[in-house]
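The active site, proton acceptor annotation in Swiss-Prot covers 172. The ATP binding site feature in Swiss-Prot is assigned to 105, 106, 107, 108, 155; the stated evidence is similarity to another entry. The domain 'Protein kinase' annotation in Swiss-Prot covers 25-282, and the record cites sequence analysis as its basis.
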């Protein structure tokens, strides 16, 4: 390759990196940041065009097999796809020295369609029809590919624009999947754009048509779908009941509204991309109606979506479990992810937590029965203000669960939070208002034993919402064994409890696999005995309340009691002391887990990046 000019004369502040072939020059200008990658502006010296240079830290990707799978899936798909309405792929390579994975794609001068639409709030109906046709052509290409490809996260954030000639292309295929079977199984996407059948874990490429309809709604109204909802649980409730977004009522053009409705009908009635391209609404361009003139040009704070929009990704038992527990003790940008699973003869609950920043955790709860029916709900947990009980109560209300499930779900959330965020002080709804209640002389419900708090002499840790003693010199395996013994409320004969498994560094292990000689089922919080569990209604019946777990009202335990009434004014110091002990013991446990994690990471690096 013959290049004219001197690279040394390029401003160092602008040119920061050159690819191994010296064809692409990366500038320091950041175009965007995603969940895994940073996108920079770059220049192709051969073609003389500007391109997009996506860069991912290998260490960050290697901590999560899920992230690695997504990255290589996107690269593989982009390499094989060639269509005028699908993002172009140019090249990719791994930089062993800088430990980065680099991908070169085409550059879109106007950013995403959402950004473009926000920048230009007044557009003619003809323009929206033009965008819609291009997106449908891209979807038709993906869906008729052999095998078919489902995007699964189609939204205006993932549709890109070259505004100088109105070109629109589908991009961000990191969550796309190849349809090797007639029906897909995993739940993944952005809640506001997810079709109802996605939550049921049984869907095909028509889920992209539903998402396309939501994209059309955003193009017309400049609003995110379901912006009237404050959380994902409310969105799930409306979607599962077939309630359309409130923004749909703001569309005054009857033909446009009818066209969007065709995309949002049940999957059995939904048209394909090819069929929608033949719709009379798109076949006619003789309209000069301006749209978007009376709608807000910014998204509500509660549903503001950045390039790092959350993705729901919960796989069924039929697929490989890819969630991991990864931690960044150096305070870097890596996200921590942890997953717990509780199973029973009737029900399986899977709670996945991802630490987004210092103050928020993204949680995904999956509730499934033996028949394969499942419900999935995604919600945010704010560490400085939310409590497990308040979030659980909201989930129970939105999902129409039984009231007795609030405590169980709250215990489940507390268990995950205290493991995901070392040192996090668990907030209690009652403790948050101690000052006002102490003045009134009211008592608080705290977790303790029948023994008086002042007589507690052992170290204690919080597991499943209960305090358990731990010998100071116990090893991690002894510690876990003591937890298993302590939480086996029903004794050796209680086989129908709740078991718990932890995903660590890509390998699914139960607690028994970490050095415990004898594994016993973990009971669920205060629930005890073989009669405590029972699914009263099938999960597929979304209109009626159902109980995840039933509490055995007659069951008691001689050592552990939930809800013992203790005065805050008398025992606040004791409570604070116990919380300090909890934090100290979990720190010790996490140090051991960190060591295990580092060993696993090193093994992964040696596997994927062998020394040359």
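Quick reminder: no glycine exception, Cβ is built from N, Cα and C everywhere.
Known features from Swiss-Prot, placed on the structure.
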{"residue": "105", "record": "ATP binding site", "DSSP class": "strand"}
{"residue": "155", "record": "ATP binding site", "DSSP class": "coil"}
{"residue": "172", "record": "active site, proton acceptor", "DSSP class": "coil"}
Might you list, by sequence position, any residue in that chain lying six or more from residue 106 (ATP binding site) with a Cβ less than 8 Å away from its Cβ?
51, 52, 87, 88, 90, 169
Give me the CA-CA distance between residue 108 (ATP binding site) and residue 172 (active site, proton acceptor), in Å, as a whole number.
13
Tell me the Cα distance separating residue 172 (active site, proton acceptor) from residue 107 (ATP binding site), rounded to the nearest angstrom.
13
What is the interatomic distance between the Cα atoms of residue 155 (ATP binding site) and residue 172 (active site, proton acceptor), given in whole Å?
10
So of 105, 107, 108, which of the binding-site residues has the fewest other Cβ atoms within 10 Å around its own Cβ?
107
Segment confidence, the domain 'Protein kinase' (25-282), expressed as mean pLDDT:
87
C-alpha spacing of residue 172 (active site, proton acceptor) relative to residue 105 (ATP binding site), in angstrom:
11
For residue 155 (ATP binding site), the number of other Cβ atoms found within 10 Å of its own Cβ:
25
